[in-house]
Structure formats: structure tokens, C-alpha cells
Ligand SMILES: [Zn+2]
């Protein structure tokens, strides 16, 4: 085998409200990563409306494909495989990417690689450094909050996950209560930076002997605090509210991650997902990791924390090299999940 | 000209390959609604059976709507992406016109319809003149009552589509019974061959702008418009980042 061979993957991602197509070389270099975001559209409704998202994807899909190929300066004959997110996500949104990827794979007789969206998020970190195994990943996004153990390439096992809301979901709900525009994560992060953790919101499930998370109690405590203040005509400091909320989320995430690092000795800790862009979380993990000399912290680059197809291309490359492929009957799997780590009780 | 024609607008899945007006192969199934899993394998096997490769196709024709939103998106995304990636022509055909065209009854008013729930239908009003299908009233999302009121002016109306069965009594009630004919059941299912024939006469579309004809805004958008007095949104809804 020629080790200099450049293998190009065309990747599609349409699981939520971003239409993205990318060309990735050898699973490690981004030649193009075109992202069309629907944030403005869903801002109208205060959150993602699935039918609206599906309609936008179909408007955008071949436009993104065209731009991805031209920005990478490649043509179909240069491609080696097509990768696509087939779950988890919104079913109508996933279907557009899956149909488009299958059409391209069929038209040009290319192998089709099904990619789990969460594996994609993990592999956003691949563009920072090669992954070394075993590794642990903390995935935090609007739809998911989970700790994933990677014993070897292309194996993903859930160690713990949220029992109710995803962390990103809690950010959006709290943002709404604070009167911020959707999505509120970035603004809360900025407000938190100026405030103090003075409200002492609950840190859920810290005492429990597992690696699971819960954010609904925090969300309720936050809403109750704000509503009570409104009723008695008391004005609360927005920055302090944001700081207290964020600190509670960060404490829970970091404490459980550290506990998992003790139970699963790994070479790398990967931080990924939309909420991984949160500065408070990034700093807190950096601080904690100074106690783990042998663990390397890899944070997904900010511009790859949100949904994008480059990360699908990177994860797809590893899947492909591990003989994963799909037929033309590939379907969307909106509830796709990694298996649980051996011995874990769900 | 070789045409690949696709209809996934409702439960039936129909695919046809044509060489001009000549039918090369066709398949129609009506047993599942899992078009996402079945469409592409069926296209591949149909093409293999007649020895055609993707590059051999000159034009791709697809039922553009109305119909099930999900079904439409699977068919339209597949057709649109195939046409774009192979650099071939793309044509959209009304999924109601396909049913009307198959009736073949010169001069009589033909009304294909799909159930759109809550006593609403997707329907168009068509007529065949000199062997050509003419649109008297474009496809619309309309209350069954309103549609029937509109149809009162016609001497004779042929209803077609498998959903006409559940409205049979109501339609016969609202219109003069002797003026209404329900097409026989072999005409109630769309045949992609007919899409291919209709597509032969149409001009190719601009692929990048091609989307399904849903004929309805989403609920969220309707409510948003109401709240904002019909004013539009200033920012672009979708942006490249
Ligand atoms: Zn995501």
C-alpha cells in the first residue's frame, strides 16, 4: 500500500439545523467544510422547528455540495467514499442528508459510510491532534450530554449520560427566562464571566455513585428563583444569575468527568459538542486536568464545536478503515445510541 | 432521451425508466411507507435489470407534490441530488397531475385528490383536450366543502385517487350524484411511467432552487406570520458561516 495516498471523503451532515457538506483528506485535513446555518429562521420560533429545518435542508443540500467540491477544488473522480450522519437527530432533517449521500454514492459508485453524529462530535478533536486510545470523551450539546469511553479506534461506549435535559437544552431554557435570544449559550457564557456564583443553585446527583447527569432540577431552581423575585418586585443581577447557573452546570460536568477519569484510566480526554465552546467549561476542565499528568486534554476547536460535516468526514474515515459501510437501503435512525460500557447499569 | 421517473409523494412508491415515450421498466409497490430505505435500492435494481448506468440517464423526473412532506423530501432530494451530481436535466411533475393524466377521458373535468386531514384535501382540477392535460385550477390545499362548491359549475366530474373512497359519500352528497364518477381503482395509484410521459413535454428546471410543492406553510410559520401581522423577517433565514 502506498502510504502517500490521499484518500478523500465527501461528508454530509443534516441532523439538526445546520446543512453541511465537507471534503476531508485522510480523516485529518479539512479541504472544505461548508455550513449553512438556519439559526435565524428558528430564532423566529424560539427553538428548532423540525418541519422548518427539514425544508431548509432540501433548499441547501446541493448548494452546499457544490461549494464543498469547488472550495476543495476536487471533482467526483477524486473522491474515495461518501460519509453521512444517519443518527441521532431529527428524522426529517437526517433523511435529506441520507438521501443526498446515497444519490452521490450510487451515481459515482462510491462506498457509503454511515456515521453516528456523536462519533462525529468526538472526531472534531481529531483536527487538533491524533486520537490515542483508550480515550474518554465528554460530549455536551443541545441534544446530548454524555461521557463516552473509546477503548480503541471506532469503538464507542457510554459511561454516563444525562437523565433528563441535555446541558445545552438547559442553557436555552434559562436563556429564555433571562429574555435572551435563542440560542443563548454564548451570551450566558459572556454574562457569567462578569458575574459571581452567588445563588448557590443545586448540583444534582453529585453524591450518586455513577457518571450520569441531571439538569432539570437546576433549571427549575433557576426558574423559581427568577419568578419569585419578579413576584416580590426584587431585581436580580443577570450576570450573577448566569454565573451561578453556569457554575452549577460546569461543576456537575467536571466532577463526573473527573470521577470517570479515575475509573477509566485513559491517555486522552476529549471535550466536544456545541456546549464545548463554553469558556467556563473549557477553563474548568483545563484546571482539573493539571491533576492528571498522564492525560492529555483535547478540546474540539471552537469552529468545529457546532454541527459540521468535517467532523463526520473524520469519524467516517476511521469507520471506513474499520470496514464499516452501508448499502443503499441506509435509513435515518433518529434515536441512534452508542452501546453502554460493559458492566454499567443504565 | 432516457428518463428516470420517481414518485414517492404518498404511500405508493413508483419508479420508471423510459426511452422517450417507450417504457423500459417500471416498478410500483404499495406495502410500506419506508421510502427512505427502499427508493435507492429499487432505482439501482431497476437500472441494473435494463443494463443502464447512472450516467446513461438524460433526465430525471419526480413527483414534486403535493403529498406527504417526508415522502416528497425523499423523492425530491434523491432526484435533485442525482441530477446535480450527474449533471443531468431535472423536471418536476405535479403528483396530482399524474393521476389525472392516467384517466384519459377527453373533455371531462378530472379531479385528483389526496386526503390532507380535517376535511381538507390536496386537489387540482384538470381536463384532457386533444390528448393534452390542461390545468383548469392549480393544485391547492382546500376544504372539501369549498372544492365541491367550486365543482358545482361542471356537468360531470371524475374523481381519482385512492383517498376518494373515504369522501365518496360526502362528495355524492354535496354534488349532484348523477354528475359524479369515481375512477376505477386501477387508476388510483400513481404510475411513474406517466410522470416520465408528462416530463417529456416539460422544460428542465434550475436544480439548485428545486424544492417540493408542499402547498402549505408549516404551522410554526403560519403562527409567526399571524403574530407579526404578515410582515416578513429581515434577516436571511439561512446563512453560510
Ligand atoms: Zn450535534
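Each Cβ is built from the backbone N, Cα and C atoms, and glycine gets one as well.
Record note: TrEMBL gives A:117, A:121 as Fe cation-binding, and the candidate from A:240, A:251, A:307 in that site is A:307.
In the record from TrEMBL, residues A:139, A:140, A:141, A:142, A:143, A:172, A:185, A:189 bind substrate; the candidate from A:40, A:278, A:287 listed for the same site is A:278. The Cβ of A:143 has fewer other Cβ atoms within 10 Å than any other of the binding-site residues A:143, A:185. Farthest C-alpha pair in the substrate-binding residues A:139, A:140, A:141, A:142, A:143, A:172, A:185, A:189, A:278: 18 Å apart. In terms of Cα spacing, the binding-site residues A:139, A:143, A:185, A:278 that come within 10 Å of residue A:121 (Fe cation binding site) are A:139. Proximity of the binding-site residues (A:139, A:185, A:278) to ligand 1: a Cβ under 6 Å from the molecule is found for none of them. According to its DSSP assignment, residue A:139 (substrate binding site) is in a strand. The Cβ of residue A:278 (substrate binding site) lies under 8 Å from the Cβ of A:140, A:185, A:189, A:246, A:250, each on the same chain and at least six residues away in sequence.
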